[in-house]
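Student: Handing you this structure, nothing more for now.
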There are 2 protein chains.
Amino acid sequence: MSNTNTPSVAIKQLDANSKNFAAELDALLAWESVSDHAVVTAVDEIVAGVRARGDAAVVEYTQRFDGLAVNAMAELEMSQAVLQQALKDISDEQRQALELAAQRVRSYHEHQKQASWSYTEADGTVLGQQVTAMDRVGLYVPGGKASYPSSVLMNAIPAKVAGVGELIMVVPTPKGERNNMVLAAAAIAGVDRVFTIGGAQAVAALAYGTQTVPRVDKIVGPGNIFVATAKRKVFGQVGLDMIAGPSEILVLCDGKTDPDWIAMDLFSQAEHDEDAQSILVSEDADFLAQVQASMDKLLPTLDRQDIVKVSLRERAAFIHVHSVEQAAEVVNRIAPEHLELSIADPEAMLPRIRHAGAIFMGRHTAEALGDYCAGPNHVLPTSGTARFSSPLGVYDFQKRSSLIFCSPEGASALGKSASVLARGESLTAHARSAEYRIKD
Amino acid sequence: MSNTNTPSVAIKQLDANSKNFAAELDALLAWESVSDHAVVTAVDEIVAGVRARGDAAVVEYTQRFDGLAVNAMAELEMSQAVLQQALKDISDEQRQALELAAQRVRSYHEHQKQASWSYTEADGTVLGQQVTAMDRVGLYVPGGKASYPSSVLMNAIPAKVAGVGELIMVVPTPKGERNNMVLAAAAIAGVDRVFTIGGAQAVAALAYGTQTVPRVDKIVGPGNIFVATAKRKVFGQVGLDMIAGPSEILVLCDGKTDPDWIAMDLFSQAEHDEDAQSILVSEDADFLAQVQASMDKLLPTLDRQDIVKVSLRERAAFIHVHSVEQAAEVVNRIAPEHLELSIADPEAMLPRIRHAGAIFMGRHTAEALGDYCAGPNHVLPTSGTARFSSPLGVYDFQKRSSLIFCSPEGASALGKSASVLARGESLTAHARSAEYRIKD
């Protein structure tokens, strides 16, 4: 381990042609979030407390963990007037930026909305799927330093576009500290109710309901280890978004983008937290050296250089590849949350990309644009889960019911097959139920 | 508790107008699947063993738990020739029934396939979503009495329609016992590889990969408590379908369907297992009595009457409602896995139904038809989770990547907003990355 006080950070160098590359890449990507025993025990107790005692338990935990001198749950609900006031209190520039972002996020997500469908078969049988929105969704917003207004927009707007009836936000206000940008974002996104509660107690209140907090159908939004552990615990009782790991970026560059731009794109990921991961992939070894030089030059100018240094030292890598095919292979093996294709013809590369949360195409599309206001969601699958999951979207707040409306003829024909198959599974009441509908 | 040896079962009667109805309904629906400590400990050990020792551990657990005298993983792979032989060994009638079911399931699921989309903004910025199939999916098929060929079709076909590259089936063969119908279904559905392994060791092998079993991106299919616990454990490492609770049906009847039909529909659910739940809702109190009489008459004729009796006694209910509105309210509160609308005009009822896994419309559409061959999936959200989840479908095997391709003008305009918002969140490397792309 090198010293954290070195002025620059030498990025780990990998070569995709090296014999040990697969193992080195595995080691680079290794990440597992573990809830330790003490956290699990604490969360179990909090969730059980809220289920058993409702509001009283939530008030008690909020007194204890957030240092709030409140006596009743009613004091922990924030009125719409407070949200509107926050919207007035932020600067005009901030308000306009939030409103532009909200409008762009809304119009992108409108494209994701799914409609019911059905078709009729020759014998009159109708088959289809009815698509409906969830009734009520809970949005967890962290307090303190990890409190991001952009996350409020990214989580709330797809739910609203889906047509969710009621959107309940919970946001802890430790020692009474509020974030006006977060409250303004809630006002713009149309959040219906806000409770100033957090931690496992907020997750439990949303999952099971209390006298005051209504039970929701799904909980979305990021949180600390207590929140993540509580979400795992209530999985099945309510729907959940994914439980996010550290954020990552993979920049694929052909060597023709300004190395300062690429250095800053990598820093923008690394500044999130010490576990964040920044990876640069290029066929051009000279360019990798140029980006290292840019990073050395720019690192001292960063506000969050202490975090950036740890993140780069522990988790960053430059990967030298030797063909377009090899570049695509590396991308797909990593299945990055954010993929920047800083190359001349990103559209030609697209068909080779099988796994990525979001793809930022061309030299001008910095990841930061997508984080805030391009339109697509910034809640993305991390830690290689883009292999099987998708950005948060309207589809996460809609659900489907199968529709089957058999004509008498259809029921009779299908009944014969169903009877054979049911008897093959020794489920004879199934068979007899189908046989009642056979006509001959 | 009444005696299980009574010749008939008096179904629990609820009235939706009663003062205690909400609490009675909560009690009726209460269900929680709990993995006890011994199961969790055993599963933790098995999963750790497979991660550490791969094939050797899988072989060892298969010897121990399935009583198979095998020495190497290669002996636990089943060839395509064995599947094809199974297809020859079943009866013509069974083969035709499986093939009809497969063809109908395939053509229904084709309607669910989603396509990539994009749109171009005035300044040339392109936004969209690229939809791709997963590379490799694992399908768990239980051995023994819960081994259902229909489940093989219902899980495998949507994955194949989605375009999944490789579909790996695992099915335990305790003491060498094989189910030809299951193997024939695998042949018809186009399963790519089959391993005769099961339990937590099969889940771990699929999730992490071994020397022989390739790592998959998602695991689907039902299993016992060891399988369910192992799935929970590997959640995040791979994608999962939902973890199913006991199966349930809610029949809403206007009193004009033959009470014997309704009785058999309720039995067809109850015969699954002792925890299965059958609920009949009607405005017609006389009809509820008629169905009770039909059940008394038919119960002694059932093959699985011991299971049915326990299920009915412990979990069934007749609910008397007093209006269409109240009926819809009860349905939505229960959010049933299977909803049978045995009424004159089911289409008129549909807009009132907000939560249900599958809706069987009209007197002729027995649930059993949907279980086997109507076309829609029989893997459905149980225990009220239709509030937030959907039938298994092609969408469960596809995933999405956001696409953002900013024109220089678009990047410049968006960069200004992103900069304001990033600075509001104290993420100044984000801001500077965006600012590099501002033109003026």
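Just so it is clear, glycine is given a Cβ too, placed from its N, Cα and C backbone atoms.
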Student: For the coiled coil entry in TrEMBL, name the matching range from A:11-41, A:73-103, A:197-227.
Tutor: A:73-103
Student: Just to be sure I read the record right: A:Gln269, A:His272, A:His430 are listed as binding Zn(2+) in TrEMBL. Which of A:Asp306, A:Asp345, A:Asp371, A:Asp396 is listed for the same site?
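Tutor: Record check against TrEMBL: Zn(2+) site with A:Gln269, A:His272, A:His430, extra candidate from A:Asp306, A:Asp345, A:Asp371, A:Asp396 is A:Asp371.
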Student: Given TrEMBL annotates A:Ser247, A:Gln269, A:His272, A:Asp371, A:Glu425, A:His430 as substrate-binding, which of A:His320, A:His338, A:His355 belongs to that site as well?
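Tutor: The one candidate that TrEMBL places in that substrate site: A:His338.
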Student: Given the recorded positions A:Gln201, A:Glu337, A:His338, A:His430, which pass a C-beta cutoff of under 8 Å against chain B? Sequence order please.
Tutor: A:His430
Student: What span in Å does the NAD(+) site cover, taken as the longest CA to CA distance among A:Tyr140, A:Gln201, A:Asn224?
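Tutor: Across A:Tyr140, A:Gln201, A:Asn224, the two farthest Cα atoms sit 13 Å apart.
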Student: How long is the line from the C-alpha of A:Ser247 (substrate binding site) to the C-alpha of A:Glu337 (active site, proton acceptor), rounded to the nearest angstrom?
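Tutor: Taking the Cα atoms only, A:Ser247 (substrate binding site) lies 7 Å from A:Glu337 (active site, proton acceptor).
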Student: Could you round the CA separation between A:His272 (substrate binding site) and A:Asn224 (NAD(+) binding site) to a whole angstrom and send it over?
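Tutor: So the Cα of A:Asn224 (NAD(+) binding site) lies 14 Å away from that of A:His272 (substrate binding site).
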Student: Whole-number answer please: how many Å between the C-alpha atoms of A:Glu425 (substrate binding site) and A:Tyr140 (NAD(+) binding site)?
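Tutor: So the alpha carbons of A:Glu425 (substrate binding site) and A:Tyr140 (NAD(+) binding site) sit roughly 45 Å from each other.
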Student: According to DSSP, folded down to helix, strand and coil, what is A:Asp371 (substrate binding site)?
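Tutor: In the DSSP reduction, A:Asp371 (substrate binding site) maps to helix.
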Student: I need the most crowded of these binding-site residues: A:Gln201, A:Asn224, A:Ser247, A:Gln269. Count other C-beta atoms within 10 angstroms of each C-beta and give me the top one.
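Tutor: It comes out as A:Gln269.
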Student: Within 10 Å of the Cβ of A:Glu337 (active site, proton acceptor), how many other Cβ atoms are there?
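Tutor: Within a 10 Å radius of the Cβ of A:Glu337 (active site, proton acceptor) lie 29 other Cβ atoms.
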